[in-house]
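One structure below.
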Amino acid sequence: MPTTTEFDTIAAISTPPGEGGISIIRISGDQTFNVVTQIFKGKDLSRVQSHTINYGHIVDPDTHQEVDEVMATVMRAPKTYTREDVVEINCHGGLVATNEILQLILSHGARMAEPGEFTKRAFLNGRLDLSQAEAVMDLIRAKTDKSMKVALNQLDGDLSKLIRHLRQDILDVLAQVEVNIDYPEYDAVETMTTKMLKEKATEVAQSINQLLATAKQGKVLREGLATAIIGRPNVGKSSLLNHLLHEDKAIVTDVAGTTRDVIEEYVNVRGVPLKLVDTAGIRDTEDKVEKIGVERSRKAIGAADLVLLVLDNSQPLTAEDRELLQETDQSKRIVILNKTDLPARLDQAELAQLVDLSDVLSMSVLEQSGVTQLEQRIAKMFFNEGIESSQNNVMVTNARHIGLLNQAKQALQDVQTGLAAGMPVDLVQIDMTRCWEFLGQITGDSYEDELLDQLFSQFCLGK
C-alpha cells in the first residue's frame, strides 16, 4: 500500500464554482507548508499549532501583488482527512480570486488533484476503508434525512465492522481446517468436522441474507425512486410535478402537448427520495417533436420503479387511458383521478373493470387536496414497516456491495453443496475462502487499482 511520502502535494477548490460568501482551496501532501508559505503573508504557517485558523493575505511572490485577504486553516498529519499535512485557504467567494489563488498554489509546487483524490488518499493511508470512502459520496449526494442517516452510519464504520466480524469468523474456521489438514496426527487438535463447517457456513449466510434484505430499501435511499408521472395530454401531470416540487418547474397550460420532453427532478417525500420524471402526454400525434417526447415517455415507464398514472376525472375514459392502464398493469403504480374539483364524468364502474380500485387515489392538484394522501401512500408502498436494518443498524445501499454479498452468498451455497456431496474438507475450504475474499472487496481489504480509479473518478474535485 502506498505511503504518504510517495504522493505529490495536491490542491483543488473544494467549494462549488460561482459567487458565494467564501471559497475553500484545499492542499494536501508532505510539501504543503513549503507551497503555502511562499504565497501566504502573515504568520509562518509551518510553525503554527495544528488545527488553528490564521489570518493573512495571499500575495503573488513574483509581482508582490496582493490577491486576497484570507483565513488559512492548518491541520498537521496524521490528524487530518487524508492523514497528510493539510491547509485549507478560505478566501472571498467568486471565480477570479479563487482561481488566482489556485494557480499560485499550482505554480509553487502542488499539482491539480484528480476527482476524489483527497478521499482516495484517506483510503490508501488507512483513515477510511473502501465502504466508508464510498459513504462520503453518498453523504454528499443524499437527497433526504433518511439517506443522510444511512450514509453517516456507513461512514462511521457500521457496515465495515459487521463485514470484518464475518470475515474473522470465516478466518477462524479456515485456520481450524488448516490445522486439521497439517497436523492430523495430534489428537489434542480440535477436529474440523463436516458438521462444524456446515454450521459456520449457515451462520455467515444468515448474516449475509439479513444484509441483503435491506438492499431494496437501501438502493432506493441511495439512488432515489425512479417515478414516472404519465397520462394523456392535459390531465394535470405537470401540475402534479410542480406541486410535489413546491415550484413551477414544468409549464402548465390548457394546450395539450405543451410538455414535449421528459423533465427529471428529485423531491423528498416523507424521507423517500423520488426521482420524478414528468413525461410528455402520451397520444397519437403527427407532430415530429411531440412524437419523440411520447417515445421517451414510453421508455420512462419501462425504467420506472413507480408509475403515477394520472387520469382526468372530469372526462370519460379514452382509448389512450385504457391503453396506459393496460401497459402499466404489471408496474408498481398508483392511479390518480385528478380534477375532482370538477363534475365527475369518468365511469367508476368501467374503471373498476380495468384496475384494482385500491390502487386508485382521487385528488385535485388545483385545490391541493389528496396530495398528502399520495405522499403517505408512496412512503407506505416502499417503507411499509419503516426502514429495515440488519444487525447493528446496518443497511446495504451500494450496488457494488450488493453484488459482492450475492457472490459471497453463492460461495457459501457451494460450501453446502460440496459438503452434501461428501467432498473433502480441504476442497470445500476453497469456496469458504472465496466468500472471505468477496467480503474483503467490500471494505477494500483486497482491491484492484482499476476499481479504485473507477470509484474515485465519480467524486467531485476537492473531495
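Backbone N, Cα and C define each Cβ position, glycine as well.
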Considering the (6S)-5-formyl-5,6,7,8-tetrahydrofolate binding residues ARG26, GLU88, ARG127 given in Swiss-Prot, which of LYS409, LYS463 is annotated for that site as well?
LYS463
Could you tell me the C-alpha distance between ARG26 ((6S)-5-formyl-5,6,7,8-tetrahydrofolate binding site) and SER238 (Mg(2+) binding site) in angstrom, no decimals?
42
Of the binding-site residues GLU88, ARG127, LYS463, which one has its Cα closest to the Cα of SER238 (Mg(2+) binding site)?
LYS463
Whole-number mean of pLDDT values that fall within the domain 'TrmE-type G' (224-383):
78
In which DSSP state, out of helix, strand and coil, do we find LYS237 (GTP binding site)?
helix
Argmin Cα dist to LYS237 (GTP binding site) over the binding-site residues GLU88, ARG127, LYS463 returns LYS463
